[in-house]
Amino acid sequence: MVQRLTYRRRLSYNTASNKTRLSRTPGNRIVYLYTKKVGKAPKSACGVCPGRLRGVRAVRPKVLMRLSKTKKHVSRAYGGSMCAKCVRDRIKRAFLIEEQKIVVKVLKAQAQSQKAK
């Protein structure tokens, strides 16, 4: 005959926090084991990239709190909050803006020297 199963905790509804799986004990009984919720890795701070960040553990917030810093970020500028592609683009953009400022300054200086002559 099939063995009947009962929940081991007080919550008797099939909610997200009450998910279970079957497990066979050494005494050949089948019992419920409660499964933990799956974690998600953080998304990029840029808000453009659709995927999750690589190099960061995908765990629940309570577990994340206990992890060491090396498991929560990657050793790069904006590591753990922004993906590598976005960081690369941001650095390039900042460089080009600085170059543009220098070009404007040089052109202004040339115009001043032309006026002086």
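Note that the numbers count up from 1, one per residue, in the order the chain is shown.
A Cβ is built for glycine as well, from the same backbone N, Cα and C atoms used for every other residue.
Pulled from Swiss-Prot, these are the features on record:
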- Ser12: phosphoserine (MOD_RES)
- Lys36: N6-acetyllysine (MOD_RES)
- Lys43: N6-acetyllysine (MOD_RES)
- Lys108: SUMO2 cross-link (CROSSLNK)
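Structure with Swiss-Prot features highlighted.
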{"residue": "Ser12", "record": "phosphoserine", "contacts (Cβ under 8 Å, 6+ apart)": "none"}
{"residue": "Lys36", "record": "N6-acetyllysine", "contacts (Cβ under 8 Å, 6+ apart)": "Arg60"}
{"residue": "Lys43", "record": "N6-acetyllysine", "contacts (Cβ under 8 Å, 6+ apart)": "Cys49, Gly51, Arg52, Leu53"}
{"residue": "Lys108", "record": "SUMO2 cross-link", "contacts (Cβ under 8 Å, 6+ apart)": "none"}
Three-class DSSP secondary structure - Lys108 (SUMO2 cross-link): helix
